[in-house]
Structure formats: structure tokens, C-alpha cells
There are 2 protein chains.
Amino acid sequence: MKKQEKQNNSKLKIIPLGGLEQIGMNITAFEYEDSIIVVDCGLAFPEDDMYGVDLVIPDVTYLKENIDRVKGFFITHGHEDHIGAIPYVLKDVNVPIYSTRLTNALIEHKLEEHDMLKKVKRKVVKYGQHINLGCFRVEFIRTNHSIQDAAALAIYSPAGIVLHTGDFKVDYTPVFGDAIDLQRFGEIGKKGVLALLCDSTNAERPGFTDSEKSVGKTLDNIFSEHKNTRIIIATFASNVDRVQQIINSADKFGRKVAIEGRSMVNIVSIASELGYISLPDNILIDVDQLKNYPDEKTVIITTGSQGESMAALSRMASGMHRKVTIKPNDTIVFSSHPIPGNEKSVTGVINELMRKGADVIFEDVHVSGHACKEDIKLIYSLVNPLYAIPVHGEYKHLIAQAKIAEELGYDSDHIKILSSGDVLEIDENGAEVTGHVPVGNVMVDGLGVGDVGNIVLRDRQRLAEDGIIIVVMTLENGTGQVLAGPDIVSRGFVYVRNSESLMDEAKTVLDKTMDYCMDHNITDWGKIKNEVKDALGDFVWKETKRRPMIMPIIMEV
Amino acid sequence: MKKQEKQNNSKLKIIPLGGLEQIGMNITAFEYEDSIIVVDCGLAFPEDDMYGVDLVIPDVTYLKENIDRVKGFFITHGHEDHIGAIPYVLKDVNVPIYSTRLTNALIEHKLEEHDMLKKVKRKVVKYGQHINLGCFRVEFIRTNHSIQDAAALAIYSPAGIVLHTGDFKVDYTPVFGDAIDLQRFGEIGKKGVLALLCDSTNAERPGFTDSEKSVGKTLDNIFSEHKNTRIIIATFASNVDRVQQIINSADKFGRKVAIEGRSMVNIVSIASELGYISLPDNILIDVDQLKNYPDEKTVIITTGSQGESMAALSRMASGMHRKVTIKPNDTIVFSSHPIPGNEKSVTGVINELMRKGADVIFEDVHVSGHACKEDIKLIYSLVNPLYAIPVHGEYKHLIAQAKIAEELGYDSDHIKILSSGDVLEIDENGAEVTGHVPVGNVMVDGLGVGDVGNIVLRDRQRLAEDGIIIVVMTLENGTGQVLAGPDIVSRGFVYVRNSESLMDEAKTVLDKTMDYCMDHNITDWGKIKNEVKDALGDFVWKETKRRPMIMPIIMEV
């Protein structure tokens with residue numbers, strides 16, 4: 001950006017770099033003249049057609065190109081879709097990270113795994129604290145969510161105040177800490193807020209979101225009704241309050257608790273070190289010690305509530321867990337709700353557990369961490385922003401929040417539904433999308449970041465669908481005579497032992513094709529390969545109605 | 001089965017060959033001495049990890065091996081999970097098919113597509129009619145379901161009466177035809193029923209299932225609230241009553257109706273030929289004619305309510321439909337509920353439609369076709385069977401029905417949860433699983449039936465995950481000297497243009513491996529291939545943490 005342009009540029013720019021077409025990969029840049037700050041830095045989990053991809057991170061080309069203006073990251077809470085891309089993005093955009101205490105601990109854990117802890121500056125921020133960075137001032141405001149220490153951010157810019165809720169719910173009776181700081185929302189609202197960026201996840205759901213504490217009562221009931229069996233409870237590792245409530249029930253009913261699953265063990269250990277969970281003396285036991293207690297005196301808290309195939313509960317269900325074997329009388333509780341897309345795997349695990357004779361409770365032992373319609377209305381009423389900018393959700397969720405804003409009297413000029421990459425220029429006099437910056441999915445597969453792109457994915461899709469047929473031959477240098485082959489090898493196409501005659505016929509087709517090439521003096525390798533692809537492709541389609549990848553390879557001696 | 005064995009065999013055998021571990025692939029054999037009859041012959045849709053598989057049909061080895069005793073198929077209704085495997089299974093087990101009129105028409109349509117219409121005997125059966133076949137007598141009883149002409153079957157055997165509900169709901173006010181014949185259920189119940197095989201799909205849901213007619217009212221409301229826009233409604237092609245109600249609403253509000261999507265067009269044409277749908281004069285127009293009418297005077301009824309990528313609505317959403325372009329003011333209605341596993345694709349289509357500005361209504365314009373808890377209790381009370389055998393559902397659904405039976409006073413000896421392949425021998429004195437017959441998934445991919453098995457699937461999964469690296473080389477006959485190569489080609493592994501140095505290093509690894517083989521006189525091709533696989537596999541894992549399929553190919557001249 002050149003100097004002379006800046007003179008006229010006294011608007012705030014809001015640039016979402018992800019998170020608006022999907023649940024996940026939340027990252028938004030706020031830019032005012034020489035200063036850029038970024039809120040959140042999350043990952044997304046791969047879509048079904050992203051074969052072999054482990055996770056997806058945002059394309060931050062825009063931040064890289066403006067690295068000298070980027071002042072810092074502000075992280076609203078410690079969920080993967082808000083912190084997961086930090087180790088990748090900070091490799092290129094290494095600026096300080098500001099977050100609350102637990103969030104910071106989770107970020108540090110992540111940085112350590114990537115051997116980056118010493119390379120990145122971090123700062124723990126308290127609720128109510130203000131951070132000055134460039135021409136921005138950012139205040140952390142207490143909210144509630146399905147992870148502790150969640151914060152909304154009030155971003156004070158010369159163009160006005162923007163309030164970003166992060167992911168939040170309104171919980172008047174939280175398990176740990178205080179309720180969302182509604183007073184401060186109101187106080188800032190009174191000052192006049194330019195724009196509200198508000199969580200849309202539950203904007204389609206009527207009513208209010210229940211308090212996390214209501215799950216505690218449900219858990220007590222389950223414990224009271226299942227006094228004679230072992231209890232195994234699966235939930236989200238990051239929901240420390242849920243784990244706390246399970247431990248409370250266990251304590252009340254005189255049971256020992258074993259924690260199982262890597263991420264669950266990690267988070268419970270971090271949370272207990274920092275004092276975010278309170279553990280009655282000697283209540284925790286190692287999974288190995290379970291055998292020393294009668295079943296009805298134990299509880300296992302485990303990962304796997306989403307049916308993830310490698311998680312502890314799934315391994316128990318399939319009989320592949322080394323230490324825990326499901327017994328016919330176990331009571332197994334899913335204290336969770338399937339995230340969209342996971343319904344079938346969750347059901348699969350439930351079926352497997354039931355088949356082993358377990359009693360499985362999988363409904364109504366969970367509350368959401370996101371604000372429902374009436375909660376969203378409450379926040380709008382307190383903040384009373386000039387502009388409504390729904391964030392965090394798929395398009396239909398953003399639309400649902402836009403409808404709420406409409407109900408509250410906002411006209412369409414004051415509701416801004418953005419797409420990732422949009423540059424929204426905004427001040428008191430107006431808000432419009434004036435440009436677009438590059439955005440996209442950067443796929444992480446193993447150690448590779450971004451080396452799997454659309455071409456590789458398309459190949460994987462095709463290979464997955466119908467497999468591959470490889471045709472190899474050796475030609476004589478100079479004459480082009482076939483010295484060896486053409487030979488056929490296939491993988492993922494047909495079970496060859498049952499399809500010998502098909503493969504024999506395919507070989508005949510190839511021999512004829514090569515005869516044709518010889519007869520017609522076709523010696524160019526590219527042309528020979530095309531003849532092979534066409535002839536074999538047609539034959540295979542006619543015989544099988546399949547389109548395997550056909551890959552001719554020519555060698556020369 | 002040998003003659004002498006039969007003397008002692010006076011029990012009825014119930015042998016489910018599919019449908020008990022899943023929704024789909026319903027097929028159950030009933031055997032008494034020399035007679036076998038089969039109820040339903042359905043397909044299942046492939047699981048997510050069945051790459052490239054089009055559909056799945058049951059393994060009917062048991063029927064083939066006992067072909068001389070198999071007397072006929074009785075089909076309860078025309079859904080794919082009850083008729084879809086007929087063209088495949090009847091190739092080997094060609095016996096007559098008995099079904100009601102609409103069901104028969106749908107079966108005939110299917111047979112015609114497979115050029116098998118002339119080869120298979122069919123018989124249309126009326127409600128109340130009895131068919132004698134071997135030592136069985138089978139009566140068709142009227143039920144309600146999300147397709148017309150659904151039937152329960154009373155199977156009279158020398159060992160007693162078995163009642164098979166098929167898929168059903170209790171609809172006191174059906175759109176077409178009469179309500180389920182509860183009187184006959186009661187009458188047969190009074191005679192004494194040995195076993196009830198009852199639909200479990202909704203056994204987890206409390207209360208009663210709403211009448212199909214209630215959707216008509218919802219549709220009227222939608223039409224009345226959207227008088228100024230075009231309306232596009234997606235629903236299940238086979239739900240002719242739903243289509244009828246949409247047409248009724250269209251008629252009431254003076255709109256023309258265009259039908260879109262191949263299966264929708266087929267079924268509406270079959271249903272209207274047979275009189276199962278009543279079309280007001282001139283209400284139907286061709287999709288091409290839509291342009292001749294104002295938007296607010298048209299309705300499009302379309303396939304694609306499950307987000308199927310090639311269905312008409314999905315093509316409209318992605319802008320790939322040749323004849324229908326979504327407009328910003330369209331009202332689009334999903335008169336359906338996502339089948340488990342389809343949630344994400346349905347949401348994807350909703351998001352795309354909303355992004356084009358359409359108003360999308362996707363909740364509460366649907367009722368289920370399956371009986372809920374209280375309906376199931378009603379059927380049990382009318383039939384009062386000696387044994388409860390929950391069918392049609394995943395394991396958790398069967399368990400849910402078992403719990404209902406328990407509530408009604410059945411003890412565990414009189415509730416039989418079967419697995420596919422179980423041979424349940426049953427009479428008034430007892431019921432127990434005495435054996436097991438072969439069952440399984442036969443995968444259909446293109447024209448191939450059963451040629452994709454676990455080996456091919458495993459290869460496809462591996463190819464999908466990390467792609468393939470092919471290593472080719474030409475060796476000299478006799479000496480084993482490398483004349484050409486080793487060369488490397490990869491697909492679905494990395495984007496080669498960005499990974500040139502990786503591929504160069506891999507080539508170096510290969511050259512070293514071949515030098516090692518030469519130096520150590522390793523000339524056996526199998527051993528050379530293993531050396532290549534190991535060396536390259538280790539190198540690739542170290543560099544990328546991926547495990548592509550590695551495929552060495554050696555030629556000789």
C-alpha cells in the first residue's frame with residue numbers, strides 16, 4: 001500500500017480470512033492505516049472429499065504481504081477452530097499472541113508440540129484488561145462457552161468500536177468462574193458501537209441455551225440410577241467444566257475416576273495445574289488401576305464422543321483398546337451431540353457398544369456452548385451496534401442471524417454478510433465491500449503444508465473411485481520397436497484373480513493398439529500414450545462401466 | 001438337506017439374510033421343511049469407506065444352494081431397500097414375485113431397465129388376498145407408509161402364524177386409499193400369532209407418527225405465505241402422496257407444476273398411469289414451458305432432497321442445471337428430513353441455494369413413514385405375538401423395540417434380536433438360533449457384481465489416502481543389469497511441480513538401492529521389489545509422514 005493512498009483511508013477495514021463459509025478456520029483481520037490486528041487463527045477439519053488430508057488452515061497471503069503492519073493476534077478461546085492454525089501461520093507471520101490464561105496454556109501446548117514455543121511471543125491477558133497495539137486498543141470481556149476463559153473483544157479503532165463476541169453463550173450459573181459480563185456489554189454499548197461481530201452457530205435455534213450446570217443434574221440422575229454398574233462417559237476433551245461435573249458426580253457417589261484418551265489427559269492436566277478444575281483428594285486413578293476397584297466404584301472419562309475412529313471410546317467399542325474391555329453391564333454415556341457430519345460414525349460406535357451388551361445413553365446429556373436466538377437478541381440489545389456482521393457459521397447460520405437483526409429493526413444496509421476475503425470498509429457513514437484479498441484452504445497432509453492441492457486431490461478422488469491401471473512397455477531406442485510389454489498392472493480396479501479373462505482381453509487390446517502405432521509410424525511417446533489411454537479406456541468402460549486412471553509408462557533402451 | 005433330517009424338523013426357520021445391522025438390504029427367508037419363501041429383496045447404499053461402489057446387495061448363497069425349495073418372493077412395498085436387489089438376485093434365484101399393484105409396477109420398471117422383464121414371473125396381489133406356496137399361505141394386509149400400496153404379511157405356516165409388518169406407520173387419515181387395516185391385525189392376533197416381525201426404524205421416538213395429511217396443511221401455509229415467488233419443492237420421488245399434496249396446493253393457489261429429476265418423472269408417470277395420483281386438468285407443464293408462465297404461477301417438484309450431488313436440485317444449486325436457474329426470490333422447500341449420513345450434503349445444498357438469494361425452508365415440512373413408540377405398542381397389543389422379533393433397523397433401533405416389548409411385559413426369552421445369517425428355529429414351544437448361513441455385502445460397481453471385494457477396497461482406500469508412487473525399470477535378461485530407470489511417477493501423492501527436490505532425492509534413494517542390489521547380487525525380482533518398497537517407503541515416510549502405495553515394476557529385455 002503506497003503512502004499517498006493512506007491519506008484518504010480513514011475507514012476501518014474488516015477482512016475475514018476464513019470462518020464464514022464453514023464451521024472452523026476462524027481468522028479475521030482488522031486494519032486501520034498502518035495497523036493490522038488479527039482475531040483468532042483456527043483450523044478446519046477436512047471435508048469428506050479431501051482424501052488423506054489431516055487438517056486445513058487458512059491462506060494468509062494477505063498477512064504475509066503486509067507483515068510489517070501486522071501487530072499481533074488476539075485469541076478469543078482455546079478451541080481448535082480458533083487456535084489450531086497458530087503453529088503453521090506463525091511460521092510466516094510471527095507476531096505476539098494475546099489471550100486469557102487457559103487459552104494461552106493451550107496455545108503453548110500446541111507450540112511446544114511444533115517445537116516453536118521459544119520462537120513466539122505470548123502475553124496472558126485478564127478480563128477487563130486493555131492492550132494497545134498500533135492504532136488499536138483491544139479489551140478482553142468475559143463470556144461463557146463450552147471451554148473456560150472465553151473472551152469477547154472490544155476493538156477500539158479511530159473509526160469506532162467493534163465488538164467481536166467470539167464463540168459464546170449466556171450462562172448465568174457457570175460451573176467455573178463468573179457469568180458473561182453483560183454489564184460491560186451494556187456499558188460499551190452505551191458508548192456507541194460501530195459494529196457487532198456475533199457468533200451465528202445457533203442462530204437457527206429458538207429460545208435460550210441452557211446452563212452448563214443443568215448437565216450436572218442430569219449426570220447426578222444417571223449416577224443415581226446406575227449404582228451397580230461401571231460408568232463410562234465420553235465428552236469433548238476441552239470441556240473442562242463437563243469433566244468437572246462428572247468428577248463431582250463421581251465424588252458424590254463414591255467412585256474413582258480414570259481419564260482416558262490423549263487429549264483428555266492433556267487438557268485435564270493443564271486445567272488442574274492452572275486451577276481450572278478442582279479434584280477431590282485421590283479421586284483420580286490410572287486406567288491400569290481400574291482392576292483394583294469394583295466396577296460400580298469407578299467411572300472412566302474418555303475421548304471419542306464424536307465416533308472418531310482412533311479415539312479411546314471407538315477402540316473400546318471395537319475391542320481394540322488395550323486396557324479397557326466393554327462389559328455387558330457397562331453404562332456408557334455420550335455427554336455430547338454429534339457435530340454435523342459425524343452422525344453416522346457416532347451411531348456406528350453406539351451400535352457396537354450395544355452389541356457388546358452395554359447400556360448406552362446418548363441423548364440429552366449435553367448442552368450447547370453457543371447462544372440461541374433469544375441470547376443473540378439480548379447481546380444485540382445490550383450492544384446496539386450500528387452494523388450487524390454475523391460471523392462463525394455456515395451461510396445458513398449467518399442468514400439466520402441476519403433475520404434476527406431484521407426482526408430487531410436493522411435494515412439491509414446495516415446488516416453485512418461477508419465472505420472470506422471480502423474487504424469491508426466501515427465507519428459511521430457507511431460500510432461497503434471495496435475489495436477482495438486472496439483466501440483459501442491450505443491442506444495439511446502429514447508434514448506437507450500446501451503440497452496437496454486440487455490436482456493431487458482430483459487424482460486421489462479418481463484413484464478412490466475406480467483405481468488405476470498401469471501399462472508399461474520398453475521400446476528400442478531409434479527404432480521404436482516394442483522390446484518388452486505392454487504389460488498391465490492394476491490396483492483398486494477389479495479383483496484380478498476373478499477377472500483373468502478381462503485382463504487377458506485388455507492385454508489383447510493393448511497389443512493391437514501397439515501394432516496400430518507401429519503400422520502407422522506413430523513413434524511420438526505422447527501420441528502412443530494417448531492411443532493406449534483411449535483404446536484401453538474405451539474397452540474398460542464398455543466391459544465394466546468404470547473409469548480407472550490409466551497410466552502408460554514407456555521406457556527406452 | 002437330507003430326507004431323514006426332515007422328519008424331526010417341524011419348526012419354522014426364520015433366516016434374515018440382511019437388513020438387521022443397517023437400514024437397507026432387507027431380505028428374510030422363511031423355511032418350513034421343503035418350502036422356502038422370501039420376504040423383500042432390497043439393496044443398501046454404500047458406506048463412506050466403500051470407495052467407488054454404487055450399491056450393495058445381499059449375499060444369497062443360501063437361496064442359491066436351496067434353489068429347488070425356494071417358492072417365491074413376497075415384497076412388502078416398492079422402496080429401494082426392499083426391491084432394489086431384485087434384478088441381481090433373480091438372475092440366480094428366478095422364482096415368482098408377489099406384490100401389490102404399485103409395488104409390482106415399480107419392480108417391473110426395474111426389471112425392464114435390466115432387460116429382465118420377460119424372464120421373471122410376477123403376480124399382483126390385492127389386500128386380503130391369500131397366496132398358497134409350498135406349505136406356506138401368505139396374506140397381504142393393508143398398511144400405511146411413505147409409499148403407497150405398502151403391505152404387512154401374515155405368513156401362515158404349520159408351526160404357526162408369523163406377522164411381518166414391513167415398513168409401516170399408522171395413518172388414520174391417509175392421502176390415498178384407506179388407513180392401515182387394524183381390524184385385520186386384531187383378528188389375526190385373536191387367532192394366536194407365533195411371532196411378530198415389526199419395523200424398528202422409529203422405535204427410539206416417543207409418541208405417535210403424524211398423518212401424511214398434516215404436511216398438506218403445512219404446504220398450504222407455505223403457498224399462502226409465498227404468493228409472489230416461484231416455489232421449488234424437493235421431496236422423495238417415491239412419496240407419491242407428498243407429490244399429490246404439493247399438486248393439490250398448487251391447484252388451490254392457481255399454479256402450474258413442472259416435475260424435474262429422472263426418478264421423480266418416472267414415478268409420477270407410473271403412479272398416474274395406475275391412478276395412484278390424480279392430476280387436475282392441464283396442471284402439469286414441461287420444465288421447458290416454465291418460461292411461458294410468471295414465476296408466481298409455477299411450482300417445480302424436484303428430486304435432490306437428500307443433497308445427492310447429481311440430483312436435479314443440487315444441479316440447480318450449483319448452477320449446473322440446464323433448464324432451471326435459481327433466482328434471488330425463489331422459495332425453496334425441502335419436504336424431507338436428511339437420512340442419517342446425508343446431513344452435510346443437504347446442508348451444503350441449502351447453503352448454496354441461500355447464497356443465490358433463495359429463501360430456503362428446510363424444517364418441519366415432512367412426516368416420517370415409520371411407526372413411533374406408541375404406534376408400535378398399538379400393533380403389539382393388536383397382534384399379541386408369542387415372540388417379538390424386531391426388524392428393519394440398526395442394532396440400536398432393534399434394542400429400542402426390544403425395550404418397548406419389555407415394557408409390554410415380554411421376558412427376554414420371548415424377545416429375539418437376530419443378526420443377519422442367524423437361523424432361528426421357532427414354534428410354540430420355543431425359539432432359538434440353531435445355526436448360521438453365509439451372508440454379506442456384495443458390492444456392485446458399474447457392471448461388476450461382486451468383483452470389488454475387500455482387497456480392491458483396501459487398495460482404493462490406500463490410494464485415496466496418500467496416492468501411489470510407481471517405480472519402473474528395465475533390466476537386461478541374464479545379467480540383471482539396469483538398462484533403463486529406475487524412473488518414478490506418482491499420482492495423488494504430492495504436487496510434483498512444487499516437490500521437485502523431494503522427487504530428485506527419491507530418485508537418488510532408488511539409484512542407491514539398485515546399486516546395493518547389484519553389489520550384493522540380489523537378482524530375484526521379488527527381492528529387488530521389496531528393497532525398493534522398503535527404501536522408498538522409509539524415505540517418503542521420513543520426509544512427508546505419508547504412506548503412498550509403492551509399486552515397483554520391472555521389465556526385462
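All residue numbers here begin at 1 and follow the chain in the order shown.
Positions of Cβ are set from backbone N, Cα and C atoms, glycine also.
Residues A:His77, A:Asp81, A:His82, A:His145, A:His392 are given by TrEMBL as Zn(2+) 1 binders; from A:Asp59, A:Asp167, A:Asp411, A:Asp413, that same site also lists A:Asp167. TrEMBL lists A:Gly52, A:Asp54 as binding Ca(2+), and of A:Asp422, A:Asp427, A:Asp445 the one it places in that same site is A:Asp445. Checking Cα-Cα distances from A:His392 (Zn(2+) 1 binding site) against the recorded positions (A:His79, A:Asp199, A:Ser238, A:His366, A:Gly369) with a 10 Å cut-off leaves A:Asp199, in sequence order. Taking the C-alpha atom of A:His366 (substrate binding site) as reference, the shortest distance to any of the binding-site residues A:His82, A:His145, A:Asp167 belongs to A:His145. Residues from the set of binding-site residues A:Gly52, A:His77, A:Ala237, A:Asn239 situated with their C-beta under 8 Å of a chain B C-beta: A:Gly52. Neighbour counts of Cβ atoms within 10 Å were taken for the binding-site residues A:His77, A:His79, A:His145, A:His366, A:His392; the minimum is at A:His366. Annotation note: A:His82 (Zn(2+) 1 binding site) sits in a helical segment as assigned by DSSP. Candidates A:Asp199, A:Ser238, A:Val367, A:His370, A:Asp445 (recorded positions) were compared with A:His79 (Zn(2+) 2 binding site); those inside 10 Å Cα-Cα are A:Ser238. When the Cα atoms are compared, A:Asn239 (substrate binding site) and A:His145 (Zn(2+) 1 binding site) turn out to be 9 Å apart. If you take the Cα of A:His145 (Zn(2+) 1 binding site) and the Cα of A:Asp199 (active site, proton donor), they are about 11 angstrom apart, rounded to a whole number. Over all protein chains present, the Cβ of A:Asp81 (Zn(2+) 1 binding site) has 23 other Cβ atoms lying within 10 Å.
The Zn(2+) 1 site is defined by A:His77, A:Asp81, A:His82, A:His145, A:Asp167, A:His392, and by the 8 Å test on Cβ atoms against their centroid, the other residues of the chain that qualify are A:Asn26, A:Asp40, A:Gly42, A:Thr76, A:His79, A:Ile147, A:Ala150, A:Gly166, A:Asp199. Just so you know, of the recorded positions A:Asp167, A:Asp199, the Cβ with the fewest other Cβ atoms around it within 10 Å is the one at A:Asp167.
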